Amino acid sequence: MANFSFILGIIGNVISILMFAAPIKTFKRIIKKKSTEDFKGIPYITTLLSTSLWTFYGLLKPGGLLVVTVNGTGAILHIVYVTLFLIYAPKTLKIQSIKLVAIIDIAFLGAVIAITLLAVHGNTQLTLVGLLAAGLNIVMYASPLSATRTVIKMKRVEYMPFFLSFFQFLNGGVWAAYAVFVKDYYIGVPNGIGFLLGSAQLILYFIYYKSTPTKSTDQKEEKEGSAHLVRRGIQLNDLDGAHENDKNNRNLHKGKSLPKPSLARQYSEKLVKTLSISPSSLGSYNEDDIEKGLKDAH
């Protein structure tokens with residue numbers, strides 16, 4: 001039984017580390033976009049406190065090495081997550097998150113460690129830290145549920161990471177089984193609740209998974225929008241071209257309807273003008289002038 005519980009502890013360590021590493025994908029996106037978008041910081045802040053308390057619990061508990069290794073790793077990872085969240089969070093959210101970190105992860109944790117080591121002795125130390133760690137472990141498992149309102153409202157699971165919920169489901173189940181064998185209720189109760197909450201999150205995920213647009217869908221819509229703009233631009237260019245051609249046709253038609261008088265007609269008009277001189281003015285011209293005018297006309 002001892003060997004089986006140790007094997008479960010090893011499996012629990014592996015699954016827990018995978019669970020703690022699940023937000024890496026989320027923070028890659030945050031770093032790439034330089035924004036926390038609609039992601040919540042509470043799960044990472046509360047998990048940092050929980051893993052820190054469990055590490056302290058493992059140090060106090062005889063034979064608690066497996067508890068120390070897994071939660072110590074989780075605490076280190078969540079220090080990184082919280083730091084990145086504070087860097088890329090909007091100003092208002094950043095201020096709120098800094099206050100939470102100062103109150104929960106620094107002041108509260110420091111007070112618990114100080115009181116446990118200075119004011120409490122014997123088995124009471126383990127009981128105090130175990131109760132606090134168990135309560136916070138339940139909060140850690142329930143913290144991703146803060147995103148369920150967004151999921152239900154938007155009908156998309158983009159802001160509720162699947163792997164985080166999935167590994168919480170596995171982690172809760174394995175550590176609950178481990179607690180049964182080692183008879184540690186402080187570990188068993190919160191992880192049993194975590195198993196149930198993880199199941200609820202997975203059910204919610206699969207309900208709204210189909211309604212969440214994929215990247216290919218977004219890219220297709222973007223391409224279709226671009227193609228529509230291109231077609232619209234071509235249509236406008238064709239319309240402008242048609243107007244220009246119509247204008248040219250009208251100008252051409254106008255030019256053809258009013259042809260320039262021919263050279264012979266110009267000379268004829270000049271000749272008629274010359275011959276139509278009034279009698280009163282004819283006396284002022286001699287025959288040479290008339291003959292010269294006729295020659296010029298031809």
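Here the Cβ of each residue, glycine as well, is placed from N, Cα and C on the backbone.
These figures come from a predicted structure and were not determined experimentally.
The transmembrane segment annotation in TrEMBL covers 6-22 (among others).
Residues annotated as transmembrane segment in TrEMBL: 42-60 (among others).
According to TrEMBL, the transmembrane segment annotation covers 66-88 (among others). Residues 6, 9-10, 12-13, 16-17, 20-21, 23, 27, 30-31, 34-36, 39, 41, 44-45, 47-48, 51-52, 54-55, 57-59, 94, 97-98, 101, 105, 187 of the same chain, all 6+ positions outside the transmembrane segment (66-88), place their C-beta atoms under 8 angstroms from a C-beta of that stretch.
Under the heading transmembrane segment, TrEMBL lists 100-120 (among others). Long-range neighbours of the transmembrane segment (100-120) within the same chain, counting only residues 6 or more positions beyond its ends whose Cβ lies under 8 Å from a Cβ of the stretch, are 41-42, 45-46, 48-49, 52-53, 56, 60, 82, 86, 128-129, 132.
Residues or ranges marked as transmembrane segment in TrEMBL: 126-147 (among others). Non-local neighbours of the transmembrane segment (126-147) in the same chain are 39-40, 42-43, 46-47, 49-50, 53-54, 56-57, 60-61, 112, 115-116, 120, 159-161, 164-165, 168, 172, 186-187, 189-191, 193-194, 197-198, 200-201; each lies 6+ residues outside the stretch with a CB under 8 Å from one of its CB atoms.
Long-range contacts of the transmembrane segment (159-181) within the same chain, counting only residues at least 6 positions beyond its ends with a Cβ under 8 Å from a Cβ of the stretch, are 1, 4-5, 8-9, 11-12, 15-16, 18-19, 22-23, 25-26, 37-40, 43, 141, 144, 147-148, 150-151, 187-189, 191-199, 201-202, 204-205. Among the features that TrEMBL reports, transmembrane segment is placed at 159-181 (among others).
If you look up TrEMBL, you'll see 187-208 (among others) marked as transmembrane segment.
Marked as region 'Disordered' by TrEMBL: 239-264 (among others).
The compositional bias 'Basic and acidic residues' annotation in TrEMBL covers 240-249.
Here TrEMBL flags 279-298 (among others) as region 'Disordered'.
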Do any residues of this chain, six or more beyond the ends of the transmembrane segment (6-22), have a C-beta under 8 angstroms from a C-beta of it, and if so which?
47, 51, 66, 69-71, 73-74, 77-78, 161, 163-164, 166-168, 170-171, 174-175, 177-178, 181
